[in-house]
Structures are given as C-alpha cells and as structure tokens.
Amino acid sequence: MRRKVVEQRARVTNAFEALRHQIGLALGAARNARLDAEDALTKLRLEKLVLSVGLDHAEDDPKLAEHRGEPAMASVLSWLHTVRSRFYADWADGPAQLRDLVASEADGPAGRPAGEWLGTLGRIDGTEPPGLWRIGEATVDGLSVGGTRGTTHSFDVAVPLLDESHLSITSAPKTRHTVDALVENLLMRVLSTFTPGAVKVHLWDVGQLTAVLPNFYALSRTSAVTVHDPTRLVDLLDELAGHIRRIHTHTMQAGYPTLRAMRKATGKRVEPWRIAVLYGNGENLAPEHLRDLKRVASGALAAGISLVLVDVPTVLGGSVETISLLDDRRAITSMTGSGVEVWLDPPLPPGQVAGAAARIAEAVITKQGGPRSFADLLPTEFGKECSARELRAPVGFYEGEPVEVVIGDATPHALIGGPSGSGKTNFLYALLGSLAARYSPDELALYLLDFKEGVSFAGLAPGKKDESWLPHARLVGVNVNTDREFGLALLRFLSDELRRRSAAAKEYEVTNIAELRAADPDGHWPRIVAVIDEFQYLFAGRDSVTAMATALLEDLARRGRSQGIHLVLASQDIAGIDAFWGKPAVFEQCTLRIAMPKARRVLAESNQAAVSAPRWHAVVNHESGISHGNQLVHVPDASAKDTFPVLQRQLWQRYATHGGPRLFDGAVAPQLDESPAFTTLEPAKDRPRALVGQSIEVMDNAHAVELASAPGRNLAVLGSSTAEALSVLEAATRSLARQYPPGAVEFVLGCAIDTCADEVRALADDLAALGHKPVVTSASDIPTVVADQAARLSEPDGGPRFVVLYGVDAVSPALERKEPGKPSGLDHLRTLLKQGPVKGTHVLGWWRGVARLKDTLGFGGTEDIGAWVALDVQGSELAAFCAGQVVHWSPRAGRALFFDRSTHASPEVTIPFHRQEASDA
Ligand SMILES: Nc1ncnc2c1ncn2[C@@H]1O[C@H](COP(=O)(O)OP(=O)(O)OP(=O)(O)O)[C@@H](O)[C@H]1O
C-alpha cells in the first residue's frame, strides 16, 4: 500500500518537472520573439527617420545624431543602400533612355529646340502625331541613379497630348507668365508640327476677353485659333460635346472605336485635332460646368480633342497628366514623379512667336485658295450621281476644301436665312447648279417658287432672250407675292405626290424612297426639292390660306423625308423665323440650317457663327444650328453674268428630251388661246364647259363651269370691272363655241352697256368665224329677246342655247316695266334663269354689283345662279351666293373669285384670261 503511494508521488513530481520545463521553453521563446520584434521596430523607426531626411543626408542630419553609432542604425543604413543600388541598378542609364525616348517620340518641333523650327510651317497631316511634347528638362544627381555623387544627369521632360492625354496645369503664386509661356510653347510646337489648319485651338480664360495668348493674335483671325467669351464656357463645352457626338457617330459607323484608329486604318485625316485651353482661377467651376467638363473630358480623346486645364480644380475622366509649378522656372509633373524637379523651357521669343503665328495664319488663308469660282463646284462629268439614298453637293469651299450640303435622311429639309443682300439667292443658285450638274432629271426634280417681287428663278424657264431651261425644273413660280394661293397649290401638289409615293411604297411593301427605287427600278422616283424663297408670305394672313399652308407644310416636313420630298425654305432671317410661331414642327424638321452673314436666329440661339461670317460666306450647319455643326463656307459667285446660264445651256442640251418647266408668272395674265384647257376642248354633247379663268395650280389648268341640263346651271359675273367682266364672258362663250359643230348651238349676245359694244361685236365675229350664227342685240332689244327666249322654253326643240347678257342691271328699268295683266321682262328673265338650264338654255350674265343681281333674282332666286365669278366685290357681300358661308376675299387687280356650287366647297381665286385689246395689236 505504502509502496503504491510512493510511486504515485514520484509520477506526479515527474509530471510537474516536465511541465515546468515546457513552460520555461515557452517563456524563453516569447522573450526572444519580443526582442526580435523590438529590434525590427527600432529598425523601422530608424528607416522612417532616415527616409524623412533622405539617405544622402543620414550621415550629417542632426535628427539622426543620437542614433548614430547604434548597431541598428548601421544595419538600417546598409539595408537602404542595398535597396537603392538594387533599384537604380536598372536606372543607371535611365536619363539616357529618357533622352532617346523623347527624341523618338517628340521628333521635330514636338521636341527640338525652337531655333530649329519656329517660323517654319509644319508638314505632318494625315499621319500619326508625335507621342510626346517637350516642356523642359530635369536634372538628377549621379548618386540617385546609381552613379557617383556630385555628378549630374539631365534628361528631357515631355508630356503626351494629342489622342493620348489631357493636361492639368496648376500655377504657383505670381507664375501666370510662366504658365502662359508653357502653354504657348506647347501650342506652338503643335501648330508648327502639322500642316496649317490640321489643328484647331480653342482658348477660354475666365478672366480675359481678348488678350489670351496675345502672340497668337494673327491666328485668331483664322479657324486655327478661336478665342471664346469668358462668360460663355457653356458654349465652348457644348461645341466640344457636339464635336464628340458627331465624331463618335461617324467613327462608330465606319467601324472604328476612335478617330485615331480610323485615321490609322484609312491613312486619312478626316477631322482636325482640337485642343481646348481653359484658364480658370483656382476656384471651383459651377457644378453644371464641372459636370459638362467631366463629360467632355471622358469622350474627348477618342474624338481627337485634348483639354489643357490651367488652375481648374477637378478630377477628369480619361487620361490626364499634371504639371504643378513650384516657382517661375520649376515644376513637378506626373510624368516624372514628385521627386524630380523639371526646369521648364524658357519662354519663346514673343516677336518670333507672333511672326510664326502670322506665317501659319497666312498659310491657312492661302490654303483657302483664291476666290474659287462657280465652275469649281461642278463635277468633271455631269449626271453621274444616284439620289436613292440622299442628295449631296458642294456649295463652296473652306480653307481649300469643298463644303457639301447633304439633303437626306438626317437633314431632310433646309432653312436658309440672312438679311437682304447677304447672298441667299446666290447661295440657292450655287446649290441648284451643283445639284443639277451631279444628278440627272431622273434623279432630281425641282419645284421653285419665289414670293419676292422680282423674277429670281425666271431664268430657269424658257424666256424671250434665252430659250433654254433647267431640265430638272418642273415648276418655276415667279412674281407670286400676291398669289399666296399658288404657294398653297404647290404644297397641295407635293402632298398629293407624297400620298402617291406612300401608296406605291405600301404596294411594294417598302418604307422609303431608297427601297422603293430598288423594288421598282423602272419607276420614275426622283428626289423632289421644293425651294420656296420668302416662304413667310405663305403665312402672311390670318386666313384659310395660312391655316391650310401650315397644315400641309407640317405634314410634308414630317413625312416628306422618307418619300424623298424635301423642302428648302429661304427667308430674311427674322421674318422667316417669326413665321414659324405656332408651327414648331416645320422649324424643327429643318435640320439643315444655312445662315448667311449677319443672319439672326437661323442657327441655335447661342450659336453666333453667322454674326462674324465674312461677306460671301455662309454657315452651313447640318445639326439644327448647334455650334458644333458649323461649317463656314465661301460661296462662289453663281449670279454673275454667263455663270449659271452657261451650265443651264449645257444641261439643257444634254437632257433635251425632258420637257420645260411650267412657268407661273403672277405678273403676266394668261392667254386663253395658249391655255391647254382651251386648246384641248373637244365637242361635248351634254356637258359643255365654260372656261372662266386660269386656276392657280401647279398644272396649267383653267376653271370651268359645266353647263349641264340641270337647274341653276347659269353663270353670273359680278362687279364693275369692265375689262375682267368682258374677259370672263368672252372666255366662257368662246370655249363653249369650240365644243359645238357649226349650227349646233345658238348664241344670243345682249349688250346693255354701249361702251362694250365693240367687244361684243368682236366676240360675235369670232363665233361667226367658227361657223356659228350669233345674234347680237342692243340694250333696247334685251327685254324682247329675253321674253322671246323664255317663250321658246316651252318649244319641244330646246336645243343648246346660250344667252350672254352684258350689264343686265343697265336694263333693269326696261325689264321691270310691266303692262297690266302681262309678265314683265324681269319675270321672263327669272323664268329663263329658273327653267332654262333644264331645257338647255343657259344664261351667262354680267351684273355690275351683287345687290343688282339680287334685285334681278328676287326673293329665293339665288338658287338659280349655280356658278359665279366675283370681280371687284367684297367677300362679305357674297355669302348669300355661297351657301351662307363666310367668304374671305378682298378684290385685287387681275384676279377674281370663282365659285361653282356643284363642284366647290368654297370659292377659289381665278385669273381672268388676257383679252386682246385693239391697243395690243
Ligand atoms: N458669293 C458671292 N460672291 C460674289 N457676289 C455675290 C455673292 N453672293 C451674292 N453676291 C452678289 O450680291 C448681290 C446680292 O445677292 P443676293 O441677291 O443673292 O442676296 P439676297 O440675300 O438674295 O438678297 P435679297 O433677299 O434682297 O434678294 C447680288 O448682286 C450678287 O451678285
């Protein structure tokens, strides 16, 4: 038992011993670990201290005095030396490598000393831009690059810019001139690298209006440098954003992610590089500007746009390099890191910069070429283009390059504006000539209307002096300033054509003109361009013409695009734009804007390009007038003598088989004998047509009254204007006579006005010449003739008879005379009017006033006048003869109002035919 106890104690004691041993080991390890950690901490603290003063100063810096001699210090210094030499082992030839890099990436003016290039013109155009642009030089001690202390190594410092990076410069106090010199230096290197015009610089300075980089003054007169209004940063940002959008769309469509990629692949530069320099004042931009700026910065590089920001505090998207000035010579840059000071290049000699700027400016202007002529707009071969997709033609030149106008899907309609004399008509001629020379009349049809007083398009139709015409022109309307109805007629015509094309497209199950042409290759589907000069006349009254014109124009503007019907609306700026009040649809659809110099409100409100456009230039803008779409163009003189007519003759000879255009000249009265409506009249049995005047239509047509055997088929001419009344009755009678063989019709001509006797007799002679036997009666016989005609109504042989009465009201007293128990002459006339037409006897009568006609007809007799022509009569008087509707009509010379209740909803303006007067002969 006792032995057992002893054994147990020994076992416990042993276990305790073993435990004590283990604990001792653990404590020893912990102590060692702690000592190591303390050692490491000491070294780290020392390392930090050494790094704070710099390894090179560790030997003598007072901050390290108390640690010198410590073993840990020796080991830290030794470790740091090892690290540095290992790091700089690769950098031993760093400066030399940098020098080589800058030399290869910043070749020529991009990196070479100014003396070698300042004042010479750049030669790079479509190829790659230099990758780096020199700004100065840095020097480092030999030791820092693993070499010998005290020796110096210097290398060029350059920054990327075009296509690569934005630049953000931060000034130090009193260093504005250094910043200017830095920016001027950079810009001058860029401008001297490329061919003049390949780079466009935009300058904006929050604090200065004009004197931003004054040495560039000469360039600011060209498109190479634009100085922006300090209060309108938003305009500049808008313009840049617009360029980015446009370029992005263009490059993406062509299948490239960036402009640079496209340039590389095609070997062609289609856009200039753009550099926008923004000078701030160190204060934050307004939040909306900042937001726009960031948006621009993120898309700019892909569009060849680089930003140089000076004291504009912001963090930009896209790649950005920074330069921070330390004083007026030194800076640090993100290219080299904060440990290296850069000695910026000294300012370029101001006189030489100004001289170089002047040279470049001169070259830019020379590149614009001497004044280019109209002939330069024409292709070498005529009629080679196809209009299925769009119409495209140059209208002038800018800096030597042709500037095109495109009429197509994105820009279906155009608005042209400018003050009087600014060259609108000339522009139209340049455009029409350039288009007509490229597209054959099968590809392009022109409808040309000028509301101006004058005959600007008259030369495009055959004339007395020149028999040629522009074969593309289908309609030429001149002197239509008082005939707004003609504008309406054109819009109606186009609207009908739109419907016709839509129907055809539907039939072929296609949606637009390009597809329709593909589906129907034998069809005639030219693109139609309708030019309306001074179009605001269409909207000149508060009447039905304005209302209808607005509705039609809106419809055409909206739907014309897909069917190849395009509007070109020209006007004096303000008047034209004001005309759009309440019709924004038309205005908005005119995405092609052309602003002549000093034109206001044609472009977007903030777009001031037209204000500064020089004489004989135009701002062509395919982006609804937003600044980034501006293309300044010098328009050649297309209105000079022997310019357009020469082209017209060539085209006329070439396309001789295409007929001439319809010419509508509002100042010339139409001739009945030349009217197709008259010359093509054929014998008509029961529905003879009495022509009364020319209708205002796109087709050469006449208004006619059908004198069928039906109640009310009489014609009244109303008003005191003798010449026109004679014209209407003569046209009606002669046209009727043409529709009957000799002897098959009777004409009774009753003249109640002595002064018209000769004309009535002359008409009778005309009828006789056709083989008819007209009866002419004088005023005194009219009551008898009327009674006689009324009596004959009961005869069975009521053959066609026309009773033409001149000045019925002049014989009213005689007609009203009544013998007791017998009907008066007036009663007979009323019978004739009421019952005659059904029996084939029609009255064509002239009353010199509406009230006088009413007197003749008596109560309820208005039904017997089925058609009338009103001359110098106010519209308000005519309601009774127009189913009670309000008639808008103010008499005007050479025009009449025609209404036929059997065919018209409302009266229409008609043009009485010109009568051959004795004095004309
Ligand atoms: N690009 C040009 N080069 C040379 N001369 C021009 C040019 N453009 C117009 N002109 C001349 O200027 C004059 C006025 O031009 P145009 O008739 O085209 O102006 P407009 O704007 O149509 O004027 P308005 O509205 O008064 O008719 C014409 O005599 C024309 O010859």
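Backbone N, Cα and C define each Cβ position, glycine as well.
Sequence annotations record features per position, and here TrEMBL assigns domain 'FtsK' to 400-605. Taken together, the residues in the domain 'FtsK' (400-605) have a mean pLDDT of 89 on the 0 to 100 scale.
Look at TrEMBL and you will find GLY418, PRO419, SER420, GLY421, SER422, GLY423, LYS424, THR425 tagged as ATP binding site. In this view, THR425 (ATP binding site) is surrounded by 19 other Cβ atoms within 10 Å of its Cβ, with every protein chain counted. Taken residue by residue with DSSP, THR425 (ATP binding site) is part of a helix.
Look at the binding-site residues SER420, SER422 and count other Cβ atoms within 10 Å of each Cβ; SER420 has the fewest. Proximity to ligand 1 (Cβ under 6 Å from any of its atoms) holds for these binding-site residues out of PRO419, SER420, GLY423: SER420, GLY423. Take the CB of GLY421 (ATP binding site) and look out to 10 A: across all protein chains shown you find 11 other CB atoms.
Every protein chain considered, the tally of other Cβ atoms within 10 Å of the Cβ of PRO419 (ATP binding site) stands at 16.
With the fewest other Cβ atoms inside 10 Å of its Cβ, the least crowded of the binding-site residues GLY418, GLY423 in this structure is GLY423. Other residues of the same chain near the ATP site, with their Cβ within 8 Å of the Cβ centroid of GLY418, PRO419, SER420, GLY421, SER422, GLY423, LYS424, THR425, are GLN572, MET596.
Secondary structure at PRO419 (ATP binding site), as computed by DSSP, is coil.
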